Ligand code: GLV
Ligand code: MN
Ligand code: MN
Ligand code: MN
């Protein structure tokens, strides 16, 4: 799958932004492998693929697993994709060794989770669970979500593939790399996820006045970038001072006109904040508004737009306890931990019993080209998932 990648000149890692030509190729590949395995494939309006082995006794009871196939820009090979291909491997293992399940087994390849192209996150699982998505939103090139979506989904209309939105499953298990250093630092093989952090993402727009770099005196400028730097450094200092475990990241910035001899007239930048505590997120949101309000000037104005909000999510205790027992039985060293990354599981948990299995990330690196997990660790995760699905569906 890592060869299905569209890097531009000078880029490294994996680019599979939702509804791009590479994304279409990748989702087609997943579907083709599923068809070859004999799974029944359904694709919904957002391009999420649902790949079923119908249950022999209780076909309406659905035990689901899966993750997402999109990546961040210049991301790694495992975030998301491991849960899709690992899930497919687990289902293949079960078909070979145990035959058909009593309950339906479903592999889900979600269309989008990362929020890397359009200003929304988890749009695949949100659509599945009935949340409304703003179809008019645009990517940085001005392409509408709905246009990109329709063009891409039309290409998934392969022979043998149904078009529908299936019923929700009875359980959902997501296999994923940890994306952080805790398992690798403690030499543990498996992480069982108790909860997922809440997130808020914002875009700050700073409007100044573009002007000549050489003729505009220093005290007569309305430099939007200078203001952006001030805002970022004050907010970062506040985030540090809180000392609450809140994470604060400015990961994206656009400078206009972005040329060496013009004072920047317009700057936009994003803020990503996360915490296990809603109160801390709410307080920091207030701080963002306060700091921005304190820095309004006659010729430089700034606005705040919050475009993503997800609450702290607690996953299912019983499924976690069952997976803990199974991990112990299989002889895997493990720990229970909260996830600092967002996952489709936090959306699925709103509608069904949901659990997550983590495997170690080498050097704790993720959302980067160096993202990696040892092959043996990858196999351990699949083994635990296989056993978990076996207990639930056979
Ligand atoms: C998605 O991977 C996120 O946690 O940002
Ligand atoms: Mn992921
Ligand atoms: Mn990710
Ligand atoms: Mn993620």
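Just so it is clear, glycine is given a Cβ too, placed from its N, Cα and C backbone atoms.
Lifted from TrEMBL, the feature list:
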- 68, 79, 176: Zn(2+) 1 binding site (BINDING)
- 79, 114, 367: Zn(2+) 2 binding site (BINDING)
- 198-297: domain 'Peptidase M20 dimerisation' (DOMAIN)
- 201, 261, 274: allantoate binding site (BINDING)
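Across the domain 'Peptidase M20 dimerisation' (198-297), the prediction's mean pLDDT works out to 97. Binding of allantoate is attributed in the record to 201, 261, 274, and the widest Cα separation among these residues amounts to 37 Å. Distance between Cα atoms for residue 261 (allantoate binding site) and residue 176 (Zn(2+) 1 binding site): 46 Å, as a whole number.
Compared over the binding-site residues 176, 201, the count of CB atoms lying within 10 A of a residue's CB peaks at 176. The sparsest Cβ neighbourhood within 10 Å, among the listed binding-site residues (274, 367), is found at 367. It is 7 Å from the Cα atom of residue 367 (Zn(2+) 2 binding site) to that of residue 79 (Zn(2+) 1 binding site). Here the domain 'Peptidase M20 dimerisation' (198-297) is broken down by DSSP into helix, strand and coil counts: 39 helix, 33 strand, 28 coil. Taking the Cα of residue 274 (allantoate binding site) as the reference point, the closest of the binding-site residues 68, 79, 114, 176 is 114.
Following the DSSP three-state reduction, the secondary structure of residue 68 (Zn(2+) 1 binding site) is strand. Within 10 Å of the Cβ of residue 114 (Zn(2+) 2 binding site) there are 22 other Cβ atoms, across all protein chains. Residues 114, taken from the binding-site residues 68, 114, 261, are distinguished by a CB atom under 6 angstroms from ligand 1. When the Cα of residue 201 (allantoate binding site) is compared against those of the binding-site residues 68, 79, 114, 176, the shortest separation belongs to 114. Taking a C-beta cut-off of under 8 angstroms and a sequence separation of 6 or more, residue 68 (Zn(2+) 1 binding site) has the following same-chain neighbours: 80, 83, 84, 109, 110, 111, 112, 113, 114, 124, 125, 344. Within the set of binding-site residues (79, 261), the lowest number of other Cβ atoms found within 10 Å of a Cβ is recorded at 261. Candidate binding-site residues: 79, 176, 261. Those with a Cβ under 6 Å from ligand 3, in sequence order, are 79.
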